[in-house]
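Peer 1: Please find one structure pasted underneath; my questions will follow.
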Amino acid sequence: MLRIIFLLSLLFALSNASVNDFCVANLKKAETPSGYPCIRPIHVKPKDFVFSLGTPGNTTNIINAAVTPGFVAQYPALNGLGISTARLDLAPKGVIPMHTHPGASEVLFVLDGSITAGFISSSANTVYVQTLKAGQIMVFPQGLLHFQINAGKSNAAAFVTFSSANPGLQILDFALFANNLPTDLVVGTTFLDPVTVKKLKSVLGGTG
């Protein structure tokens, strides 16, 4: 009986979700596994559906790049829609290091400059690399390691969209060298020498 009640409740919740046109997040409430509670439609304004990514990010850092997110926390109208967005800014020599999004595929649209981007397949470690100009797009399948590098001598910018409200992020360099994983384990699993590992840990703030 309890199982039947649970299933009916789930179906009712899903039916409600399917008939709602939108669910602008009420960020004052706690987030749940299905997202944030909705602001009552009577209180939703046209401006709630608008978000700006027009301001370049601060690229004065170790990677000479910046990522400005447009996730639910910044753009509440995305709540429940299963998408998110961000802006990438890359100064000359700027790089978004090798990373992965476990929860989403990504589409990159180059706005200004030129960007060399690529990903590595999981089946045969095949590398797919392309230098993109303004107006071109490239897709990065979910979960695969990928990167972006400024390919020019001037600033480059791009917009990215994700097929999930929470794409997740793991940067390979930081995962290896920005934590307390012992140096001998990093050496043993990467075939790098101890001097190089310690140097990278020092640069990225790791210990061990």
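Think of each number as a place in line: the chain as shown, counted from 1.
Using the three backbone atoms N, Cα and C, a Cβ is placed for every residue, glycine included.
Automatic, uncurated: that is what TrEMBL annotation is.
From TrEMBL, here are the annotated features:
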type     : residues                      : note
SIGNAL   : 1-17                          : signal peptide
DISULFID : Cys23-Cys38                   : disulfide bond
DOMAIN   : 51-198                        : domain 'Cupin type-1'
BINDING  : His99, His101, Glu106, His146 : Mn(2+) binding site
BINDING  : His101, Glu106                : oxalate binding site
Peer 1: Using C-alpha positions only, work out which of the binding-site residues His99, Glu106, His146 is nearest to Cys38 (disulfide bond).
Peer 2: Glu106
Peer 1: Compute the average pLDDT of the predicted model within the domain 'Cupin type-1' (51-198).
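Peer 2: The predicted confidence over the domain 'Cupin type-1' (51-198), as a mean pLDDT, is 95.
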Peer 1: Return only the integer: C-alpha distance in Å from His146 (Mn(2+) binding site) to Cys23 (disulfide bond).
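Peer 2: For His146 (Mn(2+) binding site) versus Cys23 (disulfide bond), the Cα atoms are 32 Å apart.
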Peer 1: I'm trying to understand the geometry here, so how far is the Cα atom of Cys23 (disulfide bond) from the Cα atom of Glu106 (Mn(2+) binding site), in Å to the nearest whole number?
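Peer 2: Cys23 (disulfide bond) and Glu106 (Mn(2+) binding site) have their Cα atoms 23 Å apart.
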Peer 1: Counting Cβ atoms within 10 Å across all protein chains shown, which of the disulfide-bonded residues Cys23, Cys38 comes out on top?
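Peer 2: Its Cβ has the most other Cβ atoms within 10 Å: Cys23.
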Peer 1: Compute the centroid of the Cβ atoms of His99, His101, Glu106, His146, then list the same-chain residues not in that set whose Cβ lies within 8 Å of it, in sequence order, for the Mn(2+) site.
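Peer 2: Neighbours found: Thr100, Phe119, Phe140, Leu144, Leu145, Pro167, Leu169.
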